[in-house]
Each structure stands twice: as C-alpha cells, then as structure tokens.
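Asks: Feature table excerpt (Swiss-Prot):
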BINDING   SER92, ASN108, VAL109, ARG110, GLY257, GLY258, ARG259  substrate binding site
ACT_SITE  HIS106  active site, proton donor
SITE      HIS175  site 'Important for dimerization'
REGION    239-274  region 'Important for dimerization'
Amino acid sequence: MSDFDRVRDYLTALQDRICNVVETIDGQSHFHEDHWQRTEGGGGRTRLLRDGAVFEQAAIGFSDVCGTHLPPSASVRRPELAGANWRACGVSLVFHPKNPFVPTTHLNVRYFRAEREGKQVAAWFGGGFDLTPFYPFDEDVVHWHRVARDLCAPFGDERYAAHKRWCDEYFVLRHRNETRGVGGLFFDDLDKDFERDFDYQRAVGDGFLDAYFPIVTRRHDTPYGDRERAFQLYRRGRYVEFNLLFDRGTLFGLQSGGRAESILISLPPLVRWEYGYHPLPGSAEARLADYLLPRDWLEESRICE
C-alpha cells in the first residue's frame with residue numbers, strides 16, 4: 001500500500017470514529033452523508049448533523065482531491081512548487097454546539113503531495129486543533145492543553161511549545177487584535193520523516209477525541225438564557241470573519257476550484273453582528289477578553305496549584 005493510501009485509510013476511519021462519538025453524545029440527530037466528485041479530479045464525503053440536542057451543527061468532511069497547478073495559497077511557503085501537479089487528502093471538522101457554555105471547536109489533519117513529470121517532488125503533513133469558548137472555564141482550557149502536551153511528548157520536548165505557539169500565531173484576527181480562541185496545536189510543512197510525521201498526525205487526530213468530548217460532556221447541560229445565546233451568536237461572527245479572511249484551508253479550497261458547499265460548511269448556521277458592541281464591565285461576557293490572547297495555560301495552572 002502506498003504512503004498516500006495509508007494516510008487516506010486512517011483519515012476515513014478517523015471521520016467514522018468521530019461521527020460515532022458525536023451521535024452518541026447528541027442522542028437525537030444523525031449525520032447525513034453527501035458523496036461528491038470534483039470535475040478537476042478527486043472527491044470526498046461530507047457529513048453534517050443539524051439541530052441536535054447538543055450540536056446545533058456538526059460538520060466533518062473527508063476529501064481526496066488532485067489538480068494540475070498548485071494554487072497560490074499552497075505554494076506561498078514553497079514557491080519552487082508553483083504550478084506543480086498535486087494531490088491532497090484530509091479531514092476537517094467544525095462543531096457548533098447549541099449551548100453557549102460548550103466551546104466551538106475545529107480539527108484539521110491533512111497530507112499533501114506534489115509531482116512533476118509523474119515523480120513526487122514534495123510531500124508533507126499539516127493540521128491541528130483549536131478551541132473557541134464563549135464562556136470559558138479554566139478547567140476546560142487546562143484539560144485541552146494537557147491533552148495537547150501529552151500527545152506531543154513522544155515527539156520531543158519542544159513539540160508542544162512550538163506547535164502551541166504556531167497555533168497562537170495562526171488563529172489571530174489581526175483586524176480585531178484578538179485570537180480566535182484559547183489555541184491548541186497547529187503545524188504545517190511536516191516533511192522530515194514520513195513514519196514519524198504520520199505517527200504525529202495520528203496522535204493529533206486521536207488526541208482530539210480525548211481533548212474535546214470530555215468538555216462537551218461536562219458543559220452541555222449548563223443552564224443558559226437569551227443573554228448567553230445572543231452573545232454566542234455575536235461571537236460566532238468572529239469565527240466567520242477568520243474563516244473568510246485568513247483561513248488557509250478555506251482560501252486553498254476556493255482558489256483550487258473546490259466544492260464551495262463543503263468548504264463553507266464550517267460557517268455557523270446562525271450568527272449576528274452588532275455595531276459598537278461592548279460587554280458590561282465585570283460581566284461574564286467581558287471576561288472572555290482575558291482568554292483571547294496567547295497564554296501559557298499549563299504554567300499558569302501549575303503556579304495556582
């Protein structure tokens with residue numbers, strides 16, 4: 001079996017596993033699957049759960065697509081590959097829970113290969129996961145980062161710190177001067193050793209289940225009202241802004257002639273903007289600002305213990 005097929009098989013199995021966990025936790029709605037083909041080459045399967053007891057919308061897609069000219073968003077860090085033939089596979093998800101006390105989350109794990117004249121000239125892994133709470137709990141944020149640190153540990157003492165920092169630097173709304181959430185892990189251009197890099201991708205994909213779903217279980221029954229719901233929808237606007245303005249995966253998909261329905265499925269089903277909004281000083285809504293900047297969550301928790 002080729003390296004690409006090994007990655008592909010892992011990713012399709014990961015999509016299945018995550019969907020099973022989501023349906024079990026939600027207990028009400030089920031994923032609907034849409035198989036699609038891309039005219040330029042390849043295809044995928046998009047799964048969407050809507051109007052659940054826990055998840056307002058949970059979208060998770062697998063794609064295996066190819067093309068003849070590497071788009072600018074993929075070659076900006078590798079200009080020597082501009083115009084090369086390419087093939088990419090990946091799993092990407094965004095979950096928008098119903099309860100404002102359950103964070104939104106994102107996971108992406110992908111593998112990319114470039115060819116010239118039928119020969120592979122480059123291949124690399126990328127991905128990561130991040131967490132976007134609206135009413136954050138320190139316990140949840142520390143748990144999230146502990147799982148991230150622990151899954152990184154077999155890959156060197158610097159792996160967690162480096163990929164956490166990369167996440168903090170990537171998921172930034174520069175026009176708002178705030179991060180998208182409390183971070184996590186982000187990596188790209190991982191190409192030193194296929195087996196080791198593939199092990200890391202699997203650790204990230206598998207670790208996501210351990211990082212996110214305990215938080216969902218803890219928070220999805222938390223009482224909330226109209227005020228919390230309105231703030232959730234307002235903050236979702238920031239999520240939309242990042243995805244449309246800065247997200248590399250979104251830009252790559254659109255620039256490569258990808259399937260817009262699948263690319264934009266990450267956007268929340270309901271969202272609102274409000275001109276000149278400022279939360280009341282000292283309120284739970286105002287407290288969120290303290291979380292939307294890079295912080296060493298594990299060191300802070302150690303000091304507080």
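If you go along the chain as it appears here, the first residue is 1 and each next one adds 1.
Placement of Cβ uses the backbone N, Cα and C atoms for every residue, glycine included.
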Asks: Taking the Cβ of HIS106 (active site, proton donor) as the centre, how many other Cβ atoms fall within a 10 Å radius?
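Replies: There are 25 of them.
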Asks: Can you tell me the CA-to-CA distance separating GLY257 (substrate binding site) and HIS106 (active site, proton donor), as a whole number of Å?
Replies: 23
Asks: Would you count the other CB atoms within 10 A of the CB of ARG110 (substrate binding site), including those on all shown protein chains?
Replies: 21
Asks: What is the biggest Cα to Cα gap, in Å, among SER92, ASN108, VAL109, ARG110, GLY257, GLY258, ARG259, the residues listed as binding substrate?
Replies: 20
Asks: Enumerate same-chain residues with a sequence separation of six or more from SER92 (substrate binding site) and a Cβ-Cβ distance below 8 A; give 'none' if the list is empty.
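Replies: Non-local contacts for SER92 (substrate binding site): ILE60, GLY61, SER63, HIS106, LEU107, ASN108, ARG110, GLY249, SER266.
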Asks: Applying a 10 Å Cβ distance cut-off over all chains shown, what neighbour count does VAL109 (substrate binding site) have?
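Replies: Neighbour count, Cβ to Cβ under the 10 Å cut-off: 26.
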Asks: Return the residues near GLY258 (substrate binding site) by Cβ distance under 8 Å, restricted to its own chain and a separation of at least 6 in sequence.
Replies: ARG38, SER63, VAL65, PHE252
Asks: Taking only the residues in the region 'Important for dimerization' (239-274), give me the average pLDDT of this model.
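Replies: That stretch averages a pLDDT of 89.
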Asks: To the nearest Å, how far is the Cα of VAL109 (substrate binding site) from the Cα of HIS175 (site 'Important for dimerization')?
Replies: 27
Asks: Return only the integer: C-alpha distance in Å from HIS175 (site 'Important for dimerization') to ARG259 (substrate binding site).
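Replies: On Cα coordinates alone, these residues lie 28 Å apart.
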Asks: Around the C-beta of ASN108 (substrate binding site), how many further C-beta atoms are within 10 angstroms, looking at every protein chain?
Replies: 22
